[in-house]
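Features as listed in TrEMBL:
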type     : residues  : note
TRANSMEM : A:20-38   : transmembrane segment
TRANSMEM : A:50-69   : transmembrane segment
TRANSMEM : A:89-115  : transmembrane segment
TRANSMEM : A:127-144 : transmembrane segment
TRANSMEM : A:185-204 : transmembrane segment
TRANSMEM : A:232-251 : transmembrane segment
TRANSMEM : A:271-296 : transmembrane segment
TRANSMEM : A:317-341 : transmembrane segment
Amino acid sequence: MSRDATAGVLERLGAVELGVWQVPLGLLAVAVLLRPVVSHDLMLGYPQVATSFLIWMIIVASFNLLMGYTGLISFGHAMFMGIGTYSVAIALSSFAVPFLVAAPLGILLSAGVAYLVGRLIAHKGEIYFAMLTLAFAKSAHFVANYNPGGLTGGTTGLADGTMPAWIETSRGFTYVALGGFRIDWYWAVAAVFVVGMLLLWQLVRSPFGRTLVAVRENEALARAMGVDVRRYKVWAFTFAAAFAALGGVLLEINNQGATLSELSIVTSGNIIIMAVLGGANYFFGPLAGVFVWMFVEEYLADFHTLVLPLTEVPLARIELAGVLVYWQFFLGLLFVVAVLVSPREGILGLLKTVLGRLSARIRGESE
Amino acid sequence: MSDDADPRSAALGTEGLSKHFGGIVAVDEVDLAVESGELRAIIGPNGAGKTTLFNVVTHALAPTSGSVYLDGEDVTDVPQERRPHLGLARSFQSNELFAELSVLENVRVIAQTAADGTFSFSLLGDGRAVRADEARDILARVGLSEHAETEAKNLSHGDQRRLGIAMAIATEPSVLLLDEPTSGMGPGESRETVELVQSLQDDLGLTVLMIEHDMEIVLSVSDRITVLNRGSVLATGTPDEIQGDDDVQDAYLGGVREEL
């Protein structure tokens, strides 16, 4: 393709006015394309993990409602996800409550805890708020570990009797069996993903969400201009917890139970890193962050030998398995670079800048 | 000389208003009675407590003692975020902005707040469309229409000062506190800004309190002037009265003249 033609295509792409449909279509595209892309031979080559990708995208996006849109940094977000996971696991294993009853209750419980915690700490300064979320998350982990009344299963977590009857598994795949027919678990999650993310998107574009952004930008100014900053923060915290718990209840089925890692500080830390890595400034940033993080985790864990050159006749074979098991180290390095370059832009911001420059250059040279 | 009027019947009044920081008295027993529609200049040397007075009047800082009245109502204990909804707005000495948002969005989100109150579960619809027309009107008033889509942090200093005034106007105030609206501006731009303040005052029927350093501006536009020195009111009066006041000459104007 000539330069002129390329520029023409880029211009036409830019001229497509998606407007308000941009985000809904983008979410739909992610839900539909993620599994085929991930399971392609050049990518991972197997589809099972795609479901986890979607669930974690909901969880990290819920965190970004706090970090990206309200300017609140919580070090304990996994707690609100874990409350969802454990609520469902306990309800199923100990009380035989149906999943479809337990899941909304788990989400409400998580939101309720967040509301109370938020009322206590939302007005504290950034550092103190972060430390207090850490403290609450740590105590939730302690309680689950202590196994009160045998409900939480302590260090082993909950596995027995934690699956609803309508979930079937065979040969590594999970299905939702409804009446006579069954659908793939991925598509059930994809439906929840699209609906949940649309709700979250409406939240950030609403008048309420725009006020959150004003609070993020300049809290003192917002207060001076008539905004009850504390109440907005409390409700942002509450909504974020509800969406995290939505991811958490899906995780319960996906992981076949609840484990302590769902409440751990390390998980909270990973959530922060994924959000920053993807780009906290963007609604799709957390999605990009989850994709990169989890893809690298899966890909590098299976990557043993680098064959050079990448052709039929290899000249050199480099054994990398011993190095690449430390995939988190490499992602950590990438995280450090992302924060140093621009803490709120992440991979998505970088991509946008590069594409913008590219199209400007092509256009400029074709004039 | 002092305010003869009763602070409890003024548009904005204070009675014995004080602010102490530990042993330091920043605002000392200040009585003010600003009449409706008045343009009151607050002058005084650096450290006289002018900005602290604004902070205490708006409850950005809680007063140590004394009372604040708005239209005859005691608002001393009303929290800061409630006050714009009672008609008391302010601009800041430094350029306080929602830096990464567009100029239009800076004003619009405040206009939305003015309509919705201190908190509202407005979860439906597109936030950017709420009160956008009103925000555009305000931008036109202060001459920022062409910068509506510019990120606020990329405005020139003077335009950022004007945006500060636009944001205060968006709260739909009856009493407007302006903290050095012309700071950092050249003489021409200062004059324009003061004319803007005067036209806003006339059109919207505002009561204005303005901290200002430029004596030429102060003497030409103020209805009355309050001189602060070391936290307390040294004198209040018309420009003529203030110019003729010996205490003021000694403490403030004289000092300036000697420097010149």
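Each Cβ is built from the backbone N, Cα and C atoms, and glycine gets one as well.
Counting Cβ pairs closer than 8 Å to the transmembrane segment (A:20-38), the top stretch among A:50-69, A:89-115, A:185-204, A:232-251, A:271-296 is A:185-204. With a threshold of 8 Å between CB atoms, the same-chain residues lying at least 6 positions outside the transmembrane segment (A:50-69) that come near it are 30-31, 34-35, 38-39, 77, 80-81, 174, 185-186, 189-190, 192-193, 196-197, 200, 203-204, 209, 212-213, 216, 236-237, 239-244, 246-248, 250-251, 254, 271-272, 274-276, 278, 280-283, 285-287, 289-291, 294-295, 344. Taking residue pairs at least 6 apart in sequence, the transmembrane segment (A:185-204) and the transmembrane segment (A:232-251) share three or more C-beta contacts under 8 angstroms. Same-chain residues lying 6+ beyond the ends of the transmembrane segment (A:185-204) with a Cβ under 8 Å from its Cβ atoms: 23-24, 27-28, 30-32, 34-35, 47, 50-51, 54-55, 57-58, 61-62, 65, 69, 167, 173-176, 212-213, 239, 243, 246, 250, 253-254, 283.
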